[in-house]
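Have a look at the structure below, then the notes.
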């Protein structure tokens, strides 16, 4: 089939010649049965969802409990991001750095072009225009994903500002990121499809210089929804380096004091460290309120007043389901319950509702994420996959801040880094200054969980929680953070803090109750910004004493809180070789400023008790 005979190619709703020629080129290569330009309408969502139900990909859920919501069960081989198959194909290998997989871009293009040849036979090729961040932005970051997956089109409507409005923003010659995706499962004439098409061969490839994303073989999450990690972090971090801003793996939280003053806080945590829970915080301190602007990604640019302003480039939440419940995150549960949600790899109850580990109640019988019968206390495997997801519109969140769609963004007062550490790292620490803050972010360590590849319990260094998401060399990335500070008025920069909700006592109990009680730590952070709270100077930064925290009404042992705040110099001296090993791994591009901070920390710890 030539491009001239592929239905839909000649009825494109745009005159953008760059887009049209790319669409034609991809259609000739991949040989779909037809081409459809996605418009992002509700009608399209309903039509494609019904199509997915007919195909066996979607199960429509109980409309009384989850209106207009669906469950998809993936192929068991296609359940998560695949870091081992993710590549940064910069022109020079040094520009990808030691944390990324690299292949020569011309070799990768040749290899993947061969994979793409004929890969959409028997399928529809969808052209999906989208915008990351508010459509009204001065410099909107536009993209077009070409995909052969209806699941992707439906999910992109939830996760991005997708469709006709984004296409119109491109005009006749506007720049856009080219994002090409195929599940890699062509259908021959008469061949029956499967509910979740994918391929054993997978590549998720980024070309930072040309701002392109090529993905093949996976239909799942961040591998296939190319506006998410691929564009919003890997490609956007390269854009941010070139344009003088930050694209970060951060939530954006609005805290409102009893005096009705708002503070905006960005926070970077690795997976399974409570990012979504903090983004949707329900403060336990009387008079304090919280609203959310995002739970995963923040783009921060300097405003005219010299402060950093953040926007959330996403339009929906793509959250991990297990562990989400009415205690840990009631606002996420309310958002999901409003409907219009796509669940992936959770379990199905007998009355058409969803269930996962951590939810209240113990259903006696379920259909598990593999489509098998599951019985309470009899089946040994989990009912939901540990990385199962909900994809739900942000606009449904009951505590969504009114500024969530403001193209100007919100001024950030504090940046938090955090990890999961049983020992050593106190509940909260304030950095000495911006460069020291960059150092504690760049050396962030977190114990591994089921959400990350590697041995559970090992401390993995995860700079700014961006280890899998940096679109260029980690040393250059950290230097860019230092340069952001050098090129601005430090008095206008956010204060930097490090938090650890997960410290345990000798009896292995958590020392801090967490969840809504984390508002007490957030209050201390705000009071430090306002120069109203005390703290103790330690070799690692300023740490509150028990008396510095507002613990009124807290059901916790003060001795536990004191232990959670403790800075043990010997434990930190034992941490130094682990940090040094990580800095050596960064290699020749390690910024001098980070080496200086490490030497200064060693010096401060030398004589500390």
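The backbone N, Cα and C atoms fix where each Cβ goes, and this holds for glycine too.
Residues 220, 221, 222, 271, 387, 388, 389 are recorded by Swiss-Prot as substrate binders, and the candidate that the same record lists for that site, out of 60, 81, 528, is 81.
Record note: Swiss-Prot gives 272, 273, 274, 275, 276, 277, 389, 515, 516, 517, 518 as GTP-binding, and the candidate from 241, 420, 421 in that site is 420. Here Swiss-Prot has 229, 249 binding Mn(2+), and the candidate from 189, 295, 296, 305 in that same listed site is 296. A gap of 30 Å separates the Cα atoms of residue 229 (Mn(2+) binding site) and residue 517 (GTP binding site). DSSP assigns residue 221 (substrate binding site) to a helix in the three-state reduction. Under DSSP, residue 272 (GTP binding site) is assigned to coil, being neither helix nor strand in the three-state scheme. Non-local contacts of residue 273 (active site) by the CB criterion (under 8 A, 6+ apart in sequence, same chain) comprise 418, 419, 420, 446, 465, 501, 502. Per-site Cβ counts within 10 Å over the binding-site residues 296, 517 peak at 296. Per Cα geometry, 249 is the residue among the binding-site residues 221, 222, 249 nearest to residue 276 (GTP binding site).
On the backbone, the CA of residue 220 (substrate binding site) and the CA of residue 274 (GTP binding site) stand 22 Å apart.
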